[in-house]
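Chemist: Got a structure here, written out as structure tokens. Questions coming.
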């Protein structure tokens, strides 16, 4: 007499699937943080001991830069894994509407990063190339230069919105104190470094050394911290069907 195989409850399959999606979101966020930190390789690739304090980080991926394709490829990969992380988190991570909003904003950041490294790339580096700066001042560079700054601003706004939403969610969901503190510290760090970068850009436009590159590097560290924080948040909660 044949024995009918034991069936697995549908709810167990759903729970396992959603748990897997949650861990994909965690891995995607961590991978995104690593890929978005590709600028760290600048010194190794350019063989310079100190980076140019006035060079915009985004100019490393300009079309005329020797390692531009490498930096653009890393940014494209970052965009892809973060889109995957955002989608899987929205499906598999339990949380309030504020938590969902945080992941949604992270997805917007990923799309903006993808635009930065594909259709809206810089053709040259104006901060380190006088000819490029002259072209930009004369308005003879492609429209992608202006759109690049637009998408970069959108990415920053999305990151701040994501952190703010996550911070609110942490308090509403009574998250552990270390998680709440990490969110607030990262939010303050990102806003603070963004303001520093903005001030440095204004100073730089007056033909005084503005240390834009230094400010941007600090800002990018805060970006990476945000993505790691998002991964930790996702790792500590159960899937949406969990007990």
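Positions of Cβ are set from backbone N, Cα and C atoms, glycine also.
Copied straight from TrEMBL:
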type: TRANSMEM; residues: 20-41; note: transmembrane segment
type: TRANSMEM; residues: 70-91; note: transmembrane segment
type: TRANSMEM; residues: 103-123; note: transmembrane segment
type: TRANSMEM; residues: 149-171; note: transmembrane segment
type: TRANSMEM; residues: 183-203; note: transmembrane segment
type: TRANSMEM; residues: 209-229; note: transmembrane segment
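Locate each feature and note its surroundings.
Modeler: Same-chain residues lying 6 or more positions outside the transmembrane segment (103-123) and placing a CB less than 8 Å from one of its CB atoms are 25, 29, 32, 36, 58-59, 61-64, 71-73, 75-76, 78-80, 82-83, 85-87, 89-90, 93, 132, 141-142, 144-145, 147-148, 150-152, 154-155, 158-159, 161-162, 165, 227, 230.
Residues 58, 95-96, 98-99, 101-103, 105-106, 108-109, 112-113, 115-116, 120, 179-180, 183-184, 186-187, 190-191, 194, 223, 226, 229-230, 233 of the same chain lie 6 or more positions beyond the ends of the transmembrane segment (149-171) yet place their CB under 8 Å from a CB of it.
Using a Cβ-Cβ cut-off under 8 Å and counting only residues 6 or more beyond its ends in the same chain, the transmembrane segment (183-203) has close neighbours at 156, 159-160, 163-164, 166-167, 170, 209-212, 214-216, 218-219, 221-223, 225-226, 229, 233.
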Chemist: Go through the chain and flag residues at least 6 beyond the ends of the transmembrane segment (20-41) whose CB is under 8 A from any CB in it; none is fine as an answer.
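Modeler: For the transmembrane segment (20-41), the nonlocal Cβ contacts are 57, 60, 70-71, 74-75, 77-78, 81-82, 84-86, 88-89, 91-93, 103, 106, 110, 113, 217, 220-221, 223-225, 227-228, 230-231, 234-235, 237-239.
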